[in-house]
Amino acid sequence: MNASTNSNIQFKHYLETSKVKGLAIPAGLQQLLLAVADTCTTLSHEVAQGALIGLLGSAGTGNVQGEVQQKLDIIANDLLIEGVQACKSLAGLASEEMELPVAVQGTGDYLLLFDPLDGSSNIDVNVSIGTIFSILKKQDPTAPLQTADFLLSGRHQVAAGYVVYGPQTTMALTLGDGVVMFTLNKDTGQFVLIKHAVQISPATKEFAINMSNMRHWAEPVRRYVEECLAGVSGERDKDFNMRWIASMVADVHRVLSRGGIFMYPWDQREPHKPGKLRLMYEANPMSFLVEQAGGASTNGEQLIMDLQPSDLHERVSVMLGSKDEIERLQRYHAKV
Ligand code: AHG
Ligand code: MN
Ligand code: MN
Ligand code: MN
């Protein structure tokens with residue numbers, strides 16, 4: 001199955017007939033979203049083959065993040081470029097796996113940013129992974145593409161979403177007017193709408209963080225997590241459950257599906273870096289989805305989507321999900 005010949009007819013119909021804040025979705029944005037959906041349909045099939053087609057393991061190369069690239073990181077990156085580069089509405093794209101943005105021959109002004117394969121450490125152990133994408137609009141459509149065109153705050157996103165390759169292949173999407181979810185029918189190759197108006201409960205009893213980093217966290221995070229661990233025997237009026245999948249896309253999908261809080265905060269292992277996760281193609285798209293679903297997303301001091309980026313691959317401390325818990329964390333960071 002390849003992206004070009006198996007277009008997602010049902011998803012296309014959804015885009016053609018939906019309204020965003022009462023307005024039709026611009027045709028150029030529809031075209032780009034359909035190309036992403038088609039590519040992720042192909043990627044879903046590739047991911048499901050794994051070892052059968054030699055997809056597992058390292059590619060033996062490194063990326064701008066200083067990470068060892070997995071074969072699937074590169075395959076996903078190449079498939080996405082191939083899948084969208086013919087979009088007339090696209091001006092350029094940027095990826096976790098490429099140091100610089102790529103100009104495409106499109107005459108449009110959309111900018112696509114993506115984490116082609118999130119959760120790479122889970123590829124070889126058959127745990128859910130995914131693709132995260134964010135769409136911006138070039139502010140000056142006439143000038144030649146440059147990196148600075150991408151350095152817009154998360155508030156400028158016109159669309160964001162992810163496709164999680166798990167037991168189901170499910171897409172979450174926001175265009176700024178709520179969150180919808182589609183599951184891929186693998187018999188027909190169609191993304192089918194399964195949820196609209198996704199909402200995150202403000203209260204939760206579930207937190208997600210990599211506990212092995214506890215001794216490295218800043219005090220407000222340690223205080224928050226220690227209180228969650230203590231539950232009713234401590235400051236909180238409930239006991240908490242913990243999850244950590246180590247694929248942001250899967251952890252955030254759980255938060256969107258049943259509430260919760262996801263944290264990858266700054267820690268002192270690399271004190272000069274604000275965090276591990278990347279602002280432009282991980283934190284911003286996920287924050288857009290979470291805010292549109294009634295949740296909140298902060299770096300402790302500011303809402304993530306308010307941050308003004310200065311580098312395409314800059315990192316950020318991330319705490320997102322159920323609003324009551326995020327507000328508590330913000331209070332702890334403000335020391336009130
Ligand atoms: P990526 O695979 O795109 O590099 O991102 C991995 C990220 C994110 O998906 C996940 O939440 C986090 O790394 C897990 O980090 P740890 O392995 O340190 O827990
Ligand atoms: Mn990576
Ligand atoms: Mn990632
Ligand atoms: Mn990645």
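Every residue gets a Cβ built from N, Cα and C, even glycine.
For the Mg(2+) 2 site, TrEMBL gives Asp115, Asp118; the one candidate out of Glu282, Glu291, Glu301, Glu314 that the record lists there too is Glu282. Record check: TrEMBL places Asp115, Leu117 at the Mg(2+) 1 site, and the matching candidate among Glu82, Glu96, Glu97 is Glu96. Just one of Lys88, Lys238, Lys273, Lys276 is listed by TrEMBL for the same substrate site as Asp118, Gly119, Ser120, Ser121, Asn210, and that one is Lys276. The Cα of Asn210 (substrate binding site) lies closest to that of Glu282, out of the binding-site residues Glu96, Asp115, Leu117, Glu282. It is 12 Å from the Cα atom of Ser120 (substrate binding site) to that of Glu96 (Mg(2+) 1 binding site). In the vicinity of ligand 2, defined as a Cβ distance under 6 Å, none of the binding-site residues Asp118, Gly119, Lys276 are placed. The subset of binding-site residues (Ser121, Lys276, Glu282) lying with their Cα within 10 Å of the Cα of Asp115 (Mg(2+) 1 binding site) consists of Glu282, given in sequence order.
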